[in-house]
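Trainee: Among the features that Swiss-Prot reports, ATP binding site is placed at GLY461, SER462, GLY463, LYS464, SER465, VAL466. What Swiss-Prot records for 441-653 is domain 'FtsK', and it gives sequence analysis as the kind of evidence. Taken from Swiss-Prot, the feature region 'Disordered' covers 715-736. Marked as topological domain 'Cytoplasmic' by Swiss-Prot on the basis of sequence analysis: 188-801. Look at Swiss-Prot and you will find 24-44, 73-93, 117-137, 167-187 tagged as transmembrane segment, backed by sequence analysis.
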Amino acid sequence: MKKSTPAPSAVPLWRQQLHYRLKEGALIAFGALCLYLMMALLTYDQSDPGWSHTSSNAAQVQNAAGRAGAFCADILFMILGYFAYIFPLLLAIKAWQVFRHRHEPWQWSGWLFSWRLIGLVFLILAGAALAHIHFHFSAGFPGSAGGVLGEVLGDLAKKALNIQGSTLLFIALFLFGLTVFTDLSWFKVMDVTGKITLDLFELFQGAANRWWTARAERKQMVAQLREVDMRVNDVVAPVAPDRREQAKARERLVEREASLSKHMTEREKHVPAVIAPAPSKPVEPSKRVMKEKQAPLFVDSAVEGTLPPISILDPAEKKQLNYSPESLAAVGHLLEIKLKEFGVEVSVDSIHPGPVITRYEIQPAAGVKVSRISNLAKDLARSLAVTSVRVVEVIPGKTTVGIEIPNEDRQIVRFSEVLSTPEYDNAKSPVTLALGHDIGGKPVITDLAKMPHLLVAGTTGSGKSVGVNAMILSILFKSGPEDAKLIMIDPKMLELSIYEGIPHLLCPVVTDMKDAANALRWSVAEMERRYKLMAKMGVRNLSGFNQKVKEAQDAGEPLADPLYKRESIHDEAPLLSKLPTIVVVVDEFADMMMIVGKKVEELIARIAQKARAAGIHLILATQRPSVDVITGLIKANIPTRMAFQVSSKIDSRTIIDQGGAEQLLGHGDMLYMPPGTSLPIRVHGAFVSDEEVHRVVEAWKLRGSPDYNDDILAGVEEPGSGFDGGSGEGSEDSESDALYDEAVKFVLESRRASISAVQRKLKIGYNRAARMIEAMEMAGVVTSMNTNGSREVLAPGPVRD
């Protein structure tokens, strides 16, 4: 395998720390200077000694900043006039800018500094001139209202442009200088002002609407009470009852009026549902994205040993809120009404809008069972005129029940949007998976090494293949071929074949199921080899093994392979190197189970049971989640599941052991059940187009070529190795094999009827050795397999002289 060249060296840590300390020092210096100048200006006294005049009482200084402060204030007032008060505020603005960008490295630019200095000069000159033109002279200052600068510039401008023209000129120069010096965007100021105005308008409008609605309801109630009174009077008057009956009727009317009044009071005091705020600004990009933006040449430079930039993916669209708090509250009120029509009394507690669905958390009344609400899911979907409604019976840490209703306008979650988050960038695992966003729009990042295997299921069109592509690309954007290796099995010959040629592949993309069985068998053998290596090294997992190998290499004493068997004295054991994490991806698991059958299930079960510490992980995907495909043996060893949209509740229970997947929306909408929990998380999967996949594959092809291991698929390439469907038996006679007699001789001499022993002795594949042992069993040379998996040799050994 080709060794990758090291990545470009990063900025030294001491230089980064120096940049941060310089910024902190500049912040402290700016802040102290601002406070000192403001204190000197506010406590200025003309009797203090100064630059523009002398003082008879030089020994006593009234200025709080001392003699130096008195001189500074006198100079600033002499030159700038009233504008001297603005000068410390400008320094405070620069201190605030240094504080905002304190986590970014220090970057000196002479051109940018000169540009900021020009803006400051324009700002000071224009401000002083405006102060001279529009303010009167004060006896307490050493100069005019605009100082020496303002007086000179103001008089010149008034002679040429008059007061109005001079004012317009200096206002324009003042705004220009303010923009250049503070990097202020007036368009952004207008946007913020407009947003605040609209928010205030919506607030007042909502309050007015609530007051008007309450007033109308009160009028309606009063009218109903009057109508009831009239009907009672019409009924009671002709009969002329006695005084006791009249008193009882009046008491009933008073009680009814009091009940209605109490109902109206409770309705007015009803706390409205809390609407969770949507993210007003996009997620802060990660350090990797900022680094790629600062180095645009990095996009086109395909250097071996580097990772492709995230910028080759399609950028995310700008998120626009397609709802208002009033519309969400209206749907919540409608939900309460519909549930009340079905005899379930609830109140909406909070509303959580998201990119695809909105979750309404409701508080059931006392005595209402959650099962009653769950059984009304289809009726609610019909009543609310939506495609489906999902009921979340248990929300951890809350007493509410979740009702998830799809949004009218669904937002697309771009894959680049998830990869650009700090959560993905800070993940250390080489098999980090970026799945998408949760219902609140937050990224969902998980680690395949902790799962340690994943079962994915969903019908056609549910987004299953796109989800598998997103998982593979997550690994390709996180790890190089020295950290992660892939074995891809693609029975459909369409989905995973586009990854052919990337350097992460251990073997070509497997499309023949005979090769798939051999690839899984090689994975089991590699798992056993790694466990033996780790046992010899005294470590418990792959990360500990790699750490020990790295420490030995750094110390200049690389470790030799302890499992190497020397054939001669002169042979030297090869040196140990870092072992990559291996991910086996099967796109259509059901098709492989139909063709290969029981043997593959046993191999998958062995990998799922033991391969976590060895760094071998499985991703099994199928569009037919039936019990004959996802068997109990596989489900018991793969606790992490991912269910896309399925056709029935039975299929949902087959995948995640509970319903809910049949109510998903498709197109990437999934239920992800992390390991160690039985509560699934609803995730909106990230969308990856075919063009993006091709761009990533081409980027990796430019960075290196694959180094295939021929031993992975060699088992089916042995001469005379037929393959017959799911049984795995050869179609030709095993006794006609050229090595059959030699195999019988070895078994009789060693008295060991083991497939692995014959395989090692004759250096042949597993299938061929198994057929020879089965032929010996049929010929009566060995017995059938015992309960412990061993065989006994029946035929006598060769006669020795």
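Numbers here mean position along the shown chain, with the first residue as 1.
Note that Cβ sites are derived from N, Cα and C of the backbone, with glycine treated the same way.
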Trainee: Identify all same-chain residues not among GLY461, SER462, GLY463, LYS464, SER465, VAL466 whose C-beta atom falls within 8 angstroms of the centroid of the ATP site's C-beta atoms; report them in sequence order.
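Mentor: Surrounding the site, in chain order, are GLY458, THR460, GLY467, PHE644, GLY666, HIS667, GLY668.
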Trainee: Against the transmembrane segment (117-137), which of these stretches has the most C-beta pairs under 8 Å: 24-44, 73-93, 167-187?
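Mentor: Between the stretches 24-44, 73-93, 167-187, 167-187 has the largest tally.
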Trainee: I'd like to know the mean pLDDT over the topological domain 'Cytoplasmic' (188-801).
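Mentor: Residues in the topological domain 'Cytoplasmic' (188-801) carry a mean pLDDT of 82 in this prediction.
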Trainee: Around the Cβ of GLY463 (ATP binding site), how many other Cβ atoms lie within 10 Å? Please give the count over every shown protein chain.
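Mentor: GLY463 (ATP binding site) is surrounded by 24 other Cβ atoms within 10 Å.
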Trainee: Once near-sequence residues are set aside, which residues in the chain of VAL466 (ATP binding site), 6 or more away, have Cβ atoms under 8 Å from its Cβ?
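Mentor: Long-range Cβ contacts: GLY668, GLY685, PHE687, VAL688.
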Trainee: Quickly jot the same-chain residues contacting the transmembrane segment (24-44) by Cβ under 8 Å, restricted to those at least six beyond its ends, or write none.
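Mentor: Here the qualifying positions are 62-65, 69-70, 72-74, 76-77, 84-85, 87-89, 91-92, 94-95, 98-99, 102, 140.
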Trainee: Let me make sure I understand the structure: which of the binding-site residues listed (SER462, SER465) has the fewest other Cβ atoms within 10 A of its Cβ?
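Mentor: Selected from the binding-site residues SER462, SER465 on minimum Cβ neighbours within 10 Å: SER465.
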